[in-house]
Number of protein chains: 2
Amino acid sequence: MDERGLIRSLVPLLGSAATADDCAAVRHGGEWLLLSTDMLHETTDFPIGMTDVEIGWMAAAVTLSDIAAMGARPLTLLLATGLDRPERLAGITEGALACCRAHGADLAGGDTDAHTELTIVSTGLGTAASPVRRSGARPGDLICVTGYLGGAQAALSGHDQYWRRLIEPVPRVAEGLALNAAGVTAMMDISDGLALSLHDMLAVNECGFAVDSARLPRPGGVPEDEGREFALYGGGDFELLFTIPAEHFPVVGVDATVIGAVVAERSVTVDGAPLPGRGYMHCWGSSPDQNPDFR
Amino acid sequence: MDERGLIRSLVPLLGSAATADDCAAVRHGGEWLLLSTDMLHETTDFPIGMTDVEIGWMAAAVTLSDIAAMGARPLTLLLATGLDRPERLAGITEGALACCRAHGADLAGGDTDAHTELTIVSTGLGTAASPVRRSGARPGDLICVTGYLGGAQAALSGHDQYWRRLIEPVPRVAEGLALNAAGVTAMMDISDGLALSLHDMLAVNECGFAVDSARLPRPGGVPEDEGREFALYGGGDFELLFTIPAEHFPVVGVDATVIGAVVAERSVTVDGAPLPGRGYMHCWGSSPDQNPDFR
């Protein structure tokens, strides 16, 4: 069973609301509180060669990206860190703090523990008057992405000019807020690649998604076929995927590209052919930790 | 360096507010949001013989206890779980959900991952108009604890009648709310034993703490000397330690015992002698994971 299957198995216990979006959403005092938690392990989630500061930045970024994906304003972040060596905590905290401050959030505290493998769980809290969900797409809406796709995967495949893109992902916080205000109908972040994300959207919408591969914003300097593959299936980009009525696009201040259209038929296609729901799902290093039957 | 030393080393980066209390406290919209995150590993934090449901309950309880310790109302909890076997998630979630529901909180979601050793990070969010801090104690205040102390340690030392006390800790949520309303001056939970907790209080107060060992509520059926040792140094009880002006004690609906008095001199004493700041600090199993230089 993969992670998505496992999370689906919890629906009878927790209800679908607890498993359908990038964040848990709690109605409180006239607004919504958005909460997200992400567990990262050194061997599976952090590419070899990263510094502790970069690891801290990435741990914060993935969680802030989940908050951005709901069109919410991040308020604060907590870091629980299982350390193989205690002296790593300072660098990790420094990196997480820098990422938080760059996106208007505090790093409010956390927990530490000794562990054989470095393990970081970052948990973020954000607020929104009206968060954007993964559901809500309507036939006729444009499908768009911020920035470009496939850069992180390009770095993993030897295109060294994309190394910083891989290790220092930028959560699209300002973009998420602007897109929420502009009236997007559905949104999520693309942490595990576009194809998997579109299938996640399919699972919670009553419509389908038709992508035109020629319109995909690919990493420059990478051969076209390879770049297309990276853009469709590569993880680690943390751009936003959203749907929006055509009359509301483009959105001022948001660098985004139209890559297709929401359609009535419930399927995900690229250039008219079914797009398989596959991706790289965090498998970023050779790991003794990894259980192929589970991941 | 132990965990407390490591956390103190972050003060220059995060400020003392981020490291001084059971929860991080964020002022928002006319109230306070309280956040706590706890990382638990199977070999160091869960006594051998616990079921997955019990493990889930305990993971939720330790975090709800931190929220209770601030006199706050728990709102919701997230669980990030690194699983050695995916089939364990259902039981863990069931236990956490039961603990949340028993204390008025939701289990809103989480994250899952494969990991060699079961690792759970529970993060909770609570709210309070005015949270209670660890600081705020004043000379002349009573020192009190809820319930009794040393039961969890008694179970670990072979007193099997305390097994449930050890594996199913009850967060003192209702008590924390009542104590906050009654005007306690300082509060924390006693997760690592009374002695360490009193030293944690000492570190953030301008006064001292004088305990009378004869007044300690000890586990019944345990020899007196042993029970006194467990009550002073045993971890895992999750009762509340608080200070309160004498005129506000007792508090209706809260089972609590006076164990001493806040004094002007900045020291922790028991029966007039210095009380060492030692405890068991989670070392609840033989663990290949454990690094004695760090814990």
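If you go along the chain as it appears here, the first residue is 1 and each next one adds 1.
Including glycine, each Cβ sits where the backbone N, Cα and C put it.
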Review point. Among B:D21, B:D22, B:D111, which residue does TrEMBL name as a further Mg(2+) 3 binder in the site formed by B:D66, B:D189?
Key: B:D22
Review point. How many of the residues that make up the domain 'PurM-like N-terminal' (B:21-127) does DSSP mark as helix, as strand and as coil?
Key: 39 helix, 45 strand, 23 coil
**Study point:** Protein Cβ atoms within 10 Å of B:D22 (Mg(2+) 3 binding site), excluding its own
**Key:** 27
Exercise for review: Select from B:D22, B:D38, B:D111 the binding-site residues whose C-beta atom falls under 8 Å of at least one C-beta in chain A, and return them in sequence order or as 'none'.
Suggested key: B:D38, B:D111
Revision key, fill the gap. Rounded Cα distance, in Å, between B:D192 (Mg(2+) 5 binding site) and B:D45 (substrate binding site) is 12
Practice item. Enter the number of other CB atoms within 10 angstroms of the CB of B:D111 (Mg(2+) 1 binding site). Key: 23
Exercise for review: Sort B:D192 (Mg(2+) 5 binding site) into helix, strand or coil using the DSSP assignment.
Suggested key: coil
Practice item. Rounded to the nearest Å, what's the C-alpha distance separating B:D22 (Mg(2+) 3 binding site) and B:D111 (Mg(2+) 1 binding site)? Just drop the number here, would you? Key: 23
Review point. So what sits near B:D66 (Mg(2+) 3 binding site) in its own chain, CB-to-CB under 8 Å and at least six residues off in sequence?
Key: B:D22, B:C23, B:S36, B:D38, B:G124, B:D189
